[in-house]
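To start, the structure under review is shown below, and the notes come after it.
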Amino acid sequence: MVSVAVLGAAGGIGQPLSLLLKLNVNVTKLNLYDIVNVPGVAADISHVSTNAEVKSFLGPGQLDEAVSKIDLAIIPAGVPRKPGMTRDDLFKINAGIVKTLVEKIAENSPRAFIAVISNPVNSTVPIAAEVLKAKGVFDARRLFGVTTLDVVRASRFVRDVRANTDAAALRVPVVGGHSGNTIVPLLSLASSPVELSEAEVKELTHRIQFGGDEVVKAKDGAGSATLSMAYAGARFADSLMRAMKGEQVVEPTFISLSADPEGAKEIRQLGAGDLEFFAVPVKLGANGVESIVPLGGQPTEFEREAIKVSAQALATNIDTGVNFVKSA
Ligand SMILES: NC(=O)C1=CN([C@@H]2O[C@H](COP(=O)(O)OP(=O)(O)OC[C@H]3O[C@@H](n4cnc5c(N)ncnc54)[C@H](O)[C@@H]3O)[C@@H](O)[C@H]2O)C=CC1
Ligand SMILES: O=C([O-])CC(=O)C(=O)O
């Protein structure tokens, strides 16, 4: 019995993500919002023979209604990268989009879980948090930056070098942020041991960190990852919805570490320092973040160094997001 709103539902991610959500038995209401093309997308998806009720909401005049009485808002609204751009280059446009959408969620469904896909996630999540704080409804357990695609890539890319890996079962904790060297896969702490040489670890780490660039390059101006991202977003949403029903599910996600100050101590000591936001493996429950899950071992020297590098870059990204709202 979960009401979900997808904001940016007519886009490259929004369309397949909305379709996958329509297939999820836990979704009872699916509100699709965009500033263009969304009536067609909603009409199309609404014919799929599952019980979820699909509704279309077009343009700012229908935004309040789109985010009323919802349990979960997923935000893939905004512009994607083109070759030669970094995720930070998207900030100028996407920062304002995310700010406006989160303001409306805060006003209409202040207890909704919010999952932010729009890039740069390292800054858009701090923007969302500042907006929620300003509205007096911030709950660190309920706001998530979706970094599942990094986790998905890690599993799949390990299989590319070790064909005996079950890509669907292997879980690699990925911590830090969601861009380049802020992404830190902890390959040494995978759910089942993977024997890799030092050179292979370096190569794999780099590939996971810059996996998004492979897609941007291959699409050659037509955008960035959409289908794998829709899969990752639907998987994260499914985890959240199963958690809402009382199941305990673990997913790495970019959160405010204030959600579990005690549990955050491990990653802080490993290099996250006093940063407010960091991606960490999280145990999800009925109220969102139930706890930050211990990493389950000591990361290697290489991984510890990568966490420190990530934290340095993240500090700037987080400040950029926070200042955007504070100086508005
Ligand atoms: N977190 C992650 O792992 C990933 C994040 N992304 C990010 O997701 C975002 C969306 O990517 P795509 O779907 O490929 O882009 P897209 O351009 O295909 O779709 C974006 C959609 O957002 C809509 N939109 C624009 N302004 C809006 C507003 N004010 N309110 C509601 N909707 C609005 C557009 O009309 C469009 O339908 C980008 O910022 C991209 O960088 C992409 C891949 C992975
Ligand atoms: O690379 C991009 O710009 C889109 C993205 O976040 C990803 O694919 O990880």
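The backbone N, Cα and C atoms fix where each Cβ goes, glycine too.
Annotated active site, proton acceptor per TrEMBL: His178, in sequence order. The NAD(+) binding site annotation in TrEMBL covers Gly8, Ala9, Ala10, Gly11, Gly12, Ile13, Gly14, Asp34, Asn94, Ile117, Ser118, Asn119, Met229. If you look up TrEMBL, you'll see Arg81, Arg87, Asn119, Arg153 marked as substrate binding site. Per TrEMBL, domain 'Lactate/malate dehydrogenase N-terminal' is recorded for 3-145. According to TrEMBL, the feature domain 'Lactate/malate dehydrogenase C-terminal' maps to 147-325.
Features per TrEMBL, on structure.
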{"residue": "Gly8", "record": "NAD(+) binding site", "DSSP class": "coil"}
{"residue": "Gly14", "record": "NAD(+) binding site", "DSSP class": "helix"}
{"residue": "Arg87", "record": "substrate binding site", "DSSP class": "helix"}
{"residue": "Ser118", "record": "NAD(+) binding site", "DSSP class": "coil"}
{"residue": "Arg153", "record": "substrate binding site", "DSSP class": "helix"}
{"residue": "His178", "record": "active site, proton acceptor", "DSSP class": "coil"}
{"residue": "Met229", "record": "NAD(+) binding site", "DSSP class": "helix"}
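Here Asn119 (substrate binding site) is compared against the recorded positions Gly14, His178, Met229, and the shortest C-alpha distance is to His178.
With a cut-off of 8 Å between CB atoms and residues at least 6 apart in sequence, the same chain places Leu32, Asp34, Val36, Asn37, Val38, Gly40, Val41 near Ala10 (NAD(+) binding site), listed in sequence order. Listed in sequence order, the recorded positions from Gly14, His178, Met229 having a Cα within 10 Å of the Cα of Arg87 (substrate binding site) are His178.
Across the residues annotated as binding substrate (Arg81, Arg87, Asn119, Arg153), the widest Cα-Cα separation comes to 18 Å. Put simply, of the recorded positions Arg81, Arg153, His178, the one whose Cα is nearest the Cα of Gly8 (NAD(+) binding site) is Arg81.
Taking the Cα of Met229 (NAD(+) binding site) as the reference point, the closest of the recorded positions Arg81, Arg153, His178 is Arg153.
Looking at Arg81, Arg87, Arg153, His178, the recorded positions in this record, the fewest other C-beta atoms within 10 angstroms of the C-beta turn up around Arg81. Around Gly12 (NAD(+) binding site), the same-chain residues six or more apart in sequence whose CB sits under 8 Å from its CB are Pro80, Gly223, Thr226, listed in sequence order.
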